[in-house]
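Notes follow the structure.
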Amino acid sequence: MTKSYSESGLMGEPQPQGPPSWTDECLSSQDEEHEADKKEDDLETMNAEEDSLRNGGEEEDEDEDLEEEEEEEEEDDDQKPKRRGPKKKKMTKARLERFKLRRMKANARERNRMHGLNAALDNLRKVVPCYSKTQKLSKIETLRLAKNYIWALSEILRSGKSPDLVSFVQTLCKGLSQPTTNLVAGCLQLNPRTFLPEQNQDMPPHLPTASASFPVHPYSYQSPGLPSPPYGTMDSSHVFHVKPPPHAYSAALEPFFESPLTDCTSPSFDGPLSPPLSINGNFSFKHEPSAEFEKNYAFTMHYPAATLAGAQSHGSIFSGTAAPRCEIPIDNIMSFDSHSHHERVMSAQLNAIFHD
C-alpha cells in the first residue's frame, strides 16, 4: 500500500516559512504605542502619589504641632486653676489696636469724672463754714462737714428757734478730725477746748466750761463769710473780724479765745447770742434773753436804806432780830452755796458788773 504525496508531505516534511507580511508590522507598532502610553500613565501616577505623600506629610506635621500645643495648654491648665468662661483668644495686631483704643476712651472718661468731682468739692469747700488760706480740707472731711452743716440748719428750720452757739458748733464738729475742728473754731473765733466734751472733763474746775451761762460773744457783729446756699458763696478775700469782749469781764472770758484780749469799750450786756444765720450772705448774731443766766447768778437781797449805813447793820442781817428787815429767797441760797469758793467770787463779780 502506498501513501499519497500530500499526506507524506503533511506528515513528515517541514514546510518552508516566507517573509513577514504587512499585517504583522501593523500589529507590532500598535503594541509599542500601547506600551508607551502605559509607561507615561505610570509616571504620572507615580508623580501624583509622590506629591500626595509630600502634602500629606506636611499636613501630618501641622496636625502633630497643633496636637502638641493643645497638650501643652492642657498641661498648663492642669497646673493652673481652671478659668471659667470662654477661652482667651490669641492677640492679633487688630485686636491690640482695638484694646488700646478702648483703654484710652475709658481713661478719658475716668479723668473727666474725677475733674468734675474735684470741681464740685471745691465749690462745696467755699460754702461750708470752714476756710483757710494755708490748709485744704480733704474730700471725706469736706463731705462730713457739709453733712453736719446741713443737719444743723435743718434742725434750726424744724424747731423754729435759734439754738445756743456752743451746741451749734458741736453739731458742726461732730465726727470731724481735730485739725478740721480747729479750722472751724478758728473761723468762728472760738477756742475748740471750750466746746469739746472730752476736753471739758479734763479742764480745771475754776475755768468756765462750755455750759457756762454767760455768753461767749456778748456783742453783735457781721461776718461776710460762711454763707449758706442760696444766699451766696464765701470769697477768699473775706476775713473774720471779731471785737474783743468788754474790759470788766475779759479775764473770765479769756479761755474761750485763742488770742489774748485787749481793753475796749463795748455796749451794755444784752444776753447770749444765737448761732449765726445767713441773711443775704452775712452772718449776724441775735440777742436773746437767757433765763438760765439769771437763775444761776441771781443772788438778790432786798435791803432797806437804813441797813446799809454801817458795819452793825451788816452784822445784824444774819441775826434773828434782823430777819424782818431783809428778804432772802431760799432756792437762790441753796443754788449759790452749791458752788465752790472761786466760782462764788466770780459769780459775785459778774453779778455786780451786769446788774449795776
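A Cβ is built for glycine as well, from the same backbone N, Cα and C atoms used for every other residue.
Copied from Swiss-Prot, the annotated features are:
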{"type": "COMPBIAS", "residues": "58-78", "note": "compositional bias 'Acidic residues'"}
{"type": "COMPBIAS", "residues": "81-93", "note": "compositional bias 'Basic residues'"}
{"type": "DOMAIN", "residues": "101-153", "note": "domain 'bHLH'"}
{"type": "MOD_RES", "residues": "S162", "note": "phosphoserine"}
{"type": "MOD_RES", "residues": "S259", "note": "phosphoserine"}
{"type": "MOD_RES", "residues": "S266", "note": "phosphoserine"}
{"type": "MOD_RES", "residues": "S274", "note": "phosphoserine"}
{"type": "MOD_RES", "residues": "S335", "note": "phosphoserine"}
{"type": "REGION", "residues": "1-94", "note": "region 'Disordered'"}
{"type": "MOTIF", "residues": "87-93", "note": "motif 'Nuclear localization signal'"}
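Among residues of the same chain six or more beyond the motif 'Nuclear localization signal' (87-93), those with a C-beta under 8 A of the stretch's C-beta atoms are 99. Mapped onto three states, the DSSP output places S162 (phosphoserine) in coil. Averaged across the motif 'Nuclear localization signal' (87-93), the predicted model reaches a pLDDT of 79. With helix defined as DSSP H, G or I and strand as E or B, the motif 'Nuclear localization signal' (87-93) counts 1 helix, 0 strand, 6 coil.
Counted within 10 Å of its Cβ, the other Cβ atoms near S162 (phosphoserine) come to 17, all protein chains included. Helix, strand and coil counts under DSSP for the domain 'bHLH' (101-153) come to 42 helix, 0 strand, 11 coil.
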